[in-house]
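Peer 1: Taken from TrEMBL, the feature coiled coil applies to 543-571. Annotation comment: TrEMBL describes 432-536 as domain 'Cyclic nucleotide-binding'. The transmembrane segment feature in TrEMBL is assigned to 125-144, 211-231, 264-282, 328-346.
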């Protein structure tokens, strides 16, 4: 019993200790968790602050900010200026301040003493590479030349030594001061720290080759003499400079094919040069003029040997036959070099020429295929000539027929930058896009497509459904109107825009209101409605702005047309067209025949009602010859005034004259002849064709 009590007591103590231990573990765990949470909160806070500082930095070259002072003025965004400034700041961030007058030659020389790194893509470094490359070419050509041909004498040895050591000095400057300062790329960033650039150069195999090229074997001149030029062979190890120069120039110039051909020709000429030196050395060893194969010793040694080496390397033949085994072995090696090495070099030159003319070859092939296809369809010759003219002009302007194929190989960001540089000036002239978001404009510039029109081509016709907007880049286009679209209403020049309203789905405004024709060769940019809808799909604010702007332009055009119409209506018409009098109904003629001539009814039918002191304006059209009485009856005036309708009293009686204005006053009646045409018949009492206005005042 006591044992059980003792055991139960120990068990209770054990359970209590376990509970206390677990409580302490829980407290430690909670403390650990709280510490970890605080650490995570602190880490997230620091990260948020870093992101906030990054967002508050000036815009990077990939963003474009508009001018806050003038939001409507869509000038080219300062993207490229900021890019240049950013590159300059990043280049100079870890370097010293620029030396005063650094843009001058001596300023650049002085800047070497500061801790300044060099950009391997700048023209300054390329120019230095050119100098070092010339020194390398000097050593390559002169060392075998002076070692074999007798061009170094005791008199000109100091000159040769001065040239040699000048080249060595440039080698030393390149290894000690220029190459250690070149920036390099590491993980996508330019490293501009001088200690890092120096370490990077030392770790390259190029540094080891450059050091070996400066081995001072020239000190052995004191033992072997200055004639032993083979001691300068290590100078040829600096071939990396030769390759680097041509590679960088190839990437910089606009026509790299010329550089590649020059490089290949240099290889060919140098191999011929080495073969010429070897031939002269072999002839000297065999003895000059000992047989017909070796050099005879007559004439210029280098020119004769160079000619022999050229014929041998190119396998032209007609060289003297070798007479000994050594001569045959030499000729065999020369021929093998000509067959394999020169075949490779000539193949490279062929590839360079084919690559340089590939676009032109494809253009000619496409033109031939198009013309052959039109001949199969029996297309008229004049239309074939227009197609050929379009191909020719397009090639001369763009040197390509499909620029989208070239642009598609570039990243989207780079294509956008190129399009902004080319098209932003043109797109900024469109009033429809003045208030749009700049991001939308960056999308629209990628949608512009160049189109070339020939003289007389119709760009759009009146009544067509507008699906494109046109911007004139070069040339002139004419807005046609009038009968048969033959009247030129306006001429649009560079920078003009037409058809922009039809891009938006506004009811009643999607039809062309005029015909536009190209006056000469015109280069236009085209923006299609589908491309615009695709671009503004993600810009709802821009859609509202464009619709509002389009409605404003429509209203302005309507007001302008209304004002022009009012001005035309208010214009004073001096001489109007003759108005034909309406034909008298037959019933009136019947009544006139029935009623007496002197009755009030006949008088009323002839003259109508008369009011007291009113002015009657009556047009008289004497188209047919009438007598005086008939004129009196028609006009309703006394017979003594009928002479006013005769040409003798109004104007000259010649039939070729016209009487435009004449006024006569007689007995409370004024007759003003507005226009008249003499009509002289056989009867002298005949009248003439005229239009008169009768101003007559009558009392009741």
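Indices start at 1 and increase along the chain as displayed.
Glycine too: its Cβ is placed from the backbone N, Cα and C atoms.
Whatever TrEMBL says is automated annotation, not expert-curated.
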Peer 1: Return yes if the transmembrane segment (125-144) and the transmembrane segment (328-346) have at least 3 CB pairs under 8 Å (sequence gap of 6 or more), otherwise no.
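Peer 2: Result for the transmembrane segment (125-144) with the transmembrane segment (328-346) is no.
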Peer 1: Residue counts in helix (H, G, I), strand (E, B) and coil for the domain 'Cyclic nucleotide-binding' (432-536), per DSSP?
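Peer 2: Result for the domain 'Cyclic nucleotide-binding' (432-536), in helix, strand, coil order: 23 helix, 41 strand, 41 coil.
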Peer 1: Hey, which bits of the same chain come close to the transmembrane segment (328-346), Cβ under 8 Å, at least six residues off its ends?
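Peer 2: Sequence-distant neighbours of the transmembrane segment (328-346): 264, 267-268, 271, 275, 278-279, 282, 309, 312-315, 319, 322.
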Peer 1: Could you pull the average pLDDT for the domain 'Cyclic nucleotide-binding' (432-536)?
Peer 2: 81
